[in-house]
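A.B. asks: This is the structure, below, for whatever I ask next.
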């Protein structure tokens, strides 16, 4: 029989409350520090918003700084933007620090700055909308006869999703009602890659049977026969960004195990260019917004190609083992093209292109330059952060994983990089300089994929241990655990509008998660 | 605590001798000298026994070296694409086929209620009490009333068992017939691993035998499967799982069991 402890005495209780009060007091900002001079700089352009302003230290919280900056920018009450503030030191190490709660705890207390100095604060606008963490399984839809290998939401909205499966079909799902919409039959082997075109009208599927197929996303019908040419299975697909497409003639890049990349003209159904040069299986292909194609391969290199004429521009070699995955800082903007969070779609074709171009440039502009950063994950347990435009050398080497890194992704606002490894951990890195931020521990099996929410505040990861986990990016803590799958979860995707998460795995059922 | 582990007990209570590490190191360093001295100087039967022992040891050593070398060699055989569908990023990886990679693919089955009670060996032959117990009649009082029994079958005795005083001890479970580990086969994966027994859940012969931990054919055991890396749907690691004994441990000298999934 367990012995019950006596309830705490009065003295113990008063001691405890006293201690709690003291600990709370430590958190507060001392009132007698006077004021500090703050100058705001735009992270994207690097230009100052105006002269330095004096701010009382006691009130210099992120909330108040936001209000101040909004006033300085002349934003009206109804169009106030949330900002994130960072401080970049002038030293050689170029340390960047996020202002988490207030200036005192982030800068003054660690002794980085004194109240005598002028503090340069770089601001980046955050998403004005807020994605709520998904918390429940709204639908578990059976239909596939074999394991689900890839999923992708439509860029238009969260109501349709496509999944590729080992039963050699791809299926389109209506996520609002949790019902199957179309079955895309035609492949003769597993469907390994699925991808929506940036305007959401077409779906491309790549399969183990060495072919690529194009489907009408609305009607669920095949657009012509298979695109033949590869001699081994298709590993990855990438659509030409919307603002680069010739009107009515979108192109598609497919990477294959046969170590080539083929660029297809989707309408005339012909091979446009064959990019050969890799010596091993090509694992990942990404089509950048500046007209470059980035490919990663088992031959330890990343190659950058010119998409218009198919010439090799650069070879980035630093990895010591096969490169598994690539992510571009502009991935999200390119994937969703002109579909933004307001849901308003331009009518005219030219307006759409302009909107897509504007969104891309907004995402890619840093210090008035269009910069596309690239991060690569490898079997050598490391990742590299590249800026192929400026140098063949990596910006940073991201060390920390203890096993192969399988998947890597940029947050939509480019501030974070998340990497999923076979060592059961997800790690977060700073998207600007590749500095390590935190490790998200919680999975008990290899983590296969991860995906940011549209506002970059949340991250979902799928794992071999049959669960999905939603993480809070800012605090680095587990937000919500989503058990429910019966077996390994191979693929996960967060819809671009942030409402739903779709996942599929070895248990053959698609699961839709929502708030 | 078992009674025979008095050295370990002493070490737990008082710690090791201060020069323990040094003494073991020195003994190990001297070992080869001792071996060669023995090999040269032993005569007669002792020499014969010694050479037999060395021979067996050397075989083991060579086997180990060979296994180690094989582990380092990368297999050049063309990798068959697996039969089960795998996503692109798992395709070219050599699938770890060892027992640790046992998947949890058979979880659907566990959901069926009936499956929980369906065991591979539903019926077993009865064992009479005469066969199970030997009457102990040593000592004056014990012999007079013959109340003491010795169990003649293999048993599992938990780690925290201490014998009762002789006067009160009705059942004796012989040390030589105690088992701590079972060779457990995963029926779907067809792999066998040696796992520690946690407890005896049910002996179909008699509830008393369950209490005593008797291991006979058809007995349900709980085994520690934590090293198989199985997970529940909630993502928690499965620790204990049930298994059924499939052989007659008394005939074979080992416990073979099949995992109930």
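In case you wondered, yes, glycine gets a Cβ from its N, Cα and C as well.
Just so you know, TrEMBL annotations never went through curation; they're auto-generated.
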A.B. asks: With TrEMBL as the source, which of A:1-28, A:29-56 is set down as region 'Disordered'?
C.D. replies: A:1-28
A.B. asks: Report the listed stretch (A:227-274, A:275-315, A:398-439, A:440-481, A:482-515) having the maximum count of Cβ pairs within less than 8 Å of the repeat 'WD' (A:141-183).
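C.D. replies: Counting Cβ pairs under 8 Å, the winner is A:482-515.
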A.B. asks: Counting only residues 6 or more past its boundaries, what in the same chain has a CB within less than 8 Å of a CB in the repeat 'WD' (A:482-515)?
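C.D. replies: Here the qualifying positions are 129, 131-155, 157-158, 161, 163, 165, 171, 173, 175, 178, 332, 335-336, 339, 341, 343, 445, 448-455, 460-470.
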A.B. asks: Is the compositional bias 'Basic and acidic residues' (A:12-24) packed against any residues at least 6 beyond its ends, judged by a Cβ distance under 8 Å, and which are they?
C.D. replies: none
A.B. asks: List, by number or range, the same-chain residues at least 6 past the repeat 'WD' (A:184-225) whose CB is under 8 A from its CB atoms?
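C.D. replies: Here the qualifying positions are 146, 149-156, 160, 162-166, 168-172, 231-239, 241-242, 250, 252, 254, 256, 258, 264, 266, 269, 334-339, 352, 356.
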